[in-house]
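Student: The structure under discussion is supplied below as structure tokens; questions concerning it will follow.
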Amino acid sequence: MANSKYEYVKSFEQPDILLQNVWIVVRIDGRSFHKFTTKHDYAKPNDDRGLSLMNRAALEVCKEFPDIVIAFGESDEYSFVLKKSCNLFERRSSKISSSIVSYFTSQFVYRWKEYFGEHELKYPPTFDSRCVLYPTDENIKDYLSWRQADTHINNLYNTCYWALVLKAGKTPIEAENELRGTFSDGKNEMLFSRFNINYNNLPAEYRKGSVIFKKPVQETNKETGLTKSKKRLVIEHVDIISEKFWKEYPDILASK
Ligand SMILES: Nc1nc2c(ncn2[C@@H]2O[C@H](COP(=O)(O)OP(=O)(O)OP(=O)(O)O)[C@@H](O)[C@H]2O)c(=O)[nH]1
Ligand SMILES: [Mg+2]
Ligand SMILES: [Mg+2]
């Protein structure tokens, strides 16, 4: 009903169009995943099924939203970087962030059985989401470095904490007290001398998180024998904190 007396309420909606020509990061994070992972008997500190399910849901998001040029995931979070020229939903912030987190969450639930088998999903998980803008390439690299540094700090701490609790029989309070004020060197030393764990030999996925990007690959046509260069979405556990990665794959940030 056009021009009804109710129509004025539409003007209460606030525009939330994101600034043009800047990188958009959509970061999603599991709500109360401390509880969710406990209720679902996740392995401590890292559960391979849970991490693989996060990666799979994120990969499906990257397929569904081709404006995403790179994504980084750790623990219960994922960051999706959309290219500067992205015009998805006319750059409306809440529409972008809600569509991405909704698709991620439904993929997470839809594919639960693929990764957890008969281990029942006891209640529906929730993920929150936000859009953050980064104007320069340096800013976006620093953003991703920040998340990867966080992965390292948390994983080193959690590996020590759970070794103290599960292997040395400490109470949670005792483990926390023992770790308070320690630095990386001390934690590495503790793992090696007391638990025979060489931190650097732990799976790269635990230490560095997961990076999804379009990687150039050579594909050979079986019939013609001709090779051509293509891009394929891959999940790798590499250093994005170092310049080496950005030099190796300059196309990622060139997708302005
Ligand atoms: N055991 C186990 N726990 C995990 C794993 N991945 C994530 N978690 C848990 O999920 C939590 C994620 O941290 P946060 O996102 O800061 O905390 P949260 O409980 O989700 O709380 P909010 O995000 O504030 O709602 C970690 O502290 C762990 O308790 C895993 O592989 N294994
Ligand atoms: Mg969380
Ligand atoms: Mg988190």
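Cβ atoms here come from the backbone N, Cα and C positions, even for glycine.
OK, Swiss-Prot features for this one:
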type    : residues                               : note
BINDING : D29, G30, D76                          : Mg(2+) 1 binding site
BINDING : D29, G30, R31, S32, F33, H34, S75, D76 : GTP binding site
BINDING : D29, D76                               : Mg(2+) 2 binding site
Student: Determine the most Cβ-crowded residue among the binding-site residues S32, S75, using a 10 Å radius around each Cβ and all protein chains in the structure.
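Tutor: Comparing the binding-site residues S32, S75, the most crowded Cβ belongs to S75.
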Student: For the binding-site residues R31, S32, H34, which residues place their CB under 6 A from an atom of ligand 3?
Tutor: none
Student: Can you check which residue among the binding-site residues D29, D76 has the largest number of Cβ atoms within 10 Å of its own?
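Tutor: When each Cβ's neighbours within 10 Å are tallied, D76 leads.
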Student: So which of G30, S32, H34, S75, listed as binding-site residues, have a Cβ under 6 Å from an atom of ligand 2?
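Tutor: Listed by sequence, the hits are G30.
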Student: Looking only at Cβ atoms, how many others are within 10 Å of the one on F33 (GTP binding site)?
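Tutor: F33 (GTP binding site) is surrounded by 18 other Cβ atoms within 10 Å.
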Student: Quick check for the class: what is the C-alpha distance, in angstrom and rounded, between D76 (Mg(2+) 1 binding site) and F33 (GTP binding site)?
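Tutor: Between the alpha carbons of D76 (Mg(2+) 1 binding site) and F33 (GTP binding site) there are 7 Å.
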Student: Residues other than D29, G30, R31, S32, F33, H34, S75, D76 within 8 Å, Cβ to Cβ centroid, of the GTP site?
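Tutor: Everything else in range on the chain: F36, T37, E77, F127.
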